[in-house]
Amino acid sequence: MIFGLPALIGFLPLVIYLYLAFKGKNLLSTVIICVLVGAVLTGQTPVSLSNEIANGLKSFLGLIGFIIMMGAGLGEVLTETKVARNLVEILIKKVGIKSQNQAIIVTMGASTLLVSLLGTLAGANAMIAPILIPIVASFGLTPNALAVILHGAGACGLFLGPFVPPVITLMGLTGLTYGTYLANIGMPVAALVLISTYYTGKKVQKQYEGIEMYSTEDMDKDVEFVSTPEINKATMVFALVMIGMLAYGIYAKAGAAYAIVVMLTVAFTTGLAAGRSMMDIIGSLTKGATRMFWLFFMFVLYDPFLKFVTMTGAFTTLGDMLKPLIEVSGDIGFIIISTLVGIFGVSGAAVAQSVVLNDLFKNIVVDINLPMTIWGTVLLIGSQITSFAYPTGDMIGQMGLARSKDLKSMIRNGMTITVVMIVYVIARAIIYSI
């Protein structure tokens, strides 16, 4: 640390990051500022700074950023080949919805599945909303209820998808396999969020039924989608290759890097089955990936940003300061406190939140020998439930897709889920300590 400043001053880049993130400033610009502040605090030269950025390209965070780019590329291939649309048609229309309750359940299933495949809440729900609205409107579902359902169910796709950024990140941070993650972290959290969403969605529907409704024009906007043999073939190839590679990955206990091979294999086999040339597929991959380049660059810079904070000794000093509190409150206190810090104290991209939260407390996690299944639960809830605890862009975005103006119901659902998750963490902590 320059000038022998106290180690806690090393948190200055992190404080700046949290402040600007909460203010809604551009995240990439924010991280660049934090890297520069960290470089000054640790006395970096232009040469050493460039070396640290280069190391960021080889880091785990750089890998996550690249996987996010590849996921966007795969999503573009699935969109352009009409495979994603065909999956929605199969899920929604061919099930044969016969009641309002069934419409809610099918909507939740379609949203969760498509988000888990595409790795984006906004993108997946934007694809299914225009198809869903005429159908659910015919059963009297209100825009208020649909917005709640899309937000809660779609978020669960980010807890479950084998190659979505949050899951890949948590597997990398904890060292857990996908099967272990799913059984101990992803599925329990997703189940509780889905149940809470269903309950709140039904309550909101009952409250606004007959008061808020879709227009007759909305009900008539059902654009007919006609699949072709090529689209059906590509959809079948996509499903078989994805399931096969996922099964192999679980069997081989593959790590995060395996996602790159999966995405490339699925993209090319699906594209070729749809009759597209290799160059067309590469073009689609590049087109989709380009949209996420800023995020890749940001994740490369996250590595030196957090490394500079570590170099100041700030994390070690914080751990030493918290040890007396942990000795008094025990493992239960630490688990609860770290979760609350994640939900309410760290903002920004959810994947980045989990990394920041992990860096804040990983030394303590090692000291108290906390199982990775418990710590992974803390990281997932601490990073993902923020979008329910506050009126974030994700929340407002789902309102727009559902054509709802009812923020109150969204906050109601968000607070219900937040409370349920905090209670769940407390229960897990108590069970672990017994």
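The first residue you see is number 1, and the count goes up from there.
Using N, Cα and C of the backbone, Cβ positions are placed for all residues, glycine too.
Keep in mind that TrEMBL annotations are predicted by a computer and have not been checked by a curator.
Here's what TrEMBL has on this protein:
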TRANSMEM  6-22  transmembrane segment
DOMAIN    14-159  domain 'Na+/H+ antiporter NhaC-like C-terminal'
TRANSMEM  27-47  transmembrane segment
TRANSMEM  103-122  transmembrane segment
TRANSMEM  128-150  transmembrane segment
TRANSMEM  157-175  transmembrane segment
TRANSMEM  181-199  transmembrane segment
TRANSMEM  234-251  transmembrane segment
TRANSMEM  257-274  transmembrane segment
TRANSMEM  294-315  transmembrane segment
TRANSMEM  335-356  transmembrane segment
TRANSMEM  368-390  transmembrane segment
TRANSMEM  410-431  transmembrane segment
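Counting C-beta pairs under 8 angstroms (sequence separation of 6 or more), the transmembrane segment (294-315) reaches the transmembrane segment (27-47) with 3 or more such pairs. Tertiary proximity for the transmembrane segment (335-356) is limited to same-chain residues at least six positions away from its ends with a CB under 8 Å from its CB atoms, namely 14, 17-18, 21-22, 27, 30, 61, 64, 68, 158, 165-166, 169-170, 173, 295, 298-299, 302, 306, 325, 329, 370, 374, 378-387, 389, 418, 421-422, 425-426, 428-429, 432. Here the transmembrane segment (368-390) lies next to the transmembrane segment (410-431) in space: the count of CB pairs under 8 Å, restricted to residues six or more apart, reaches at least 3.
Residues of the domain 'Na+/H+ antiporter NhaC-like C-terminal' (14-159) grouped by DSSP class, helix first, strand second and coil last, total 122 helix, 0 strand, 24 coil. Mean pLDDT for the domain 'Na+/H+ antiporter NhaC-like C-terminal' (14-159) in this predicted model: 88.
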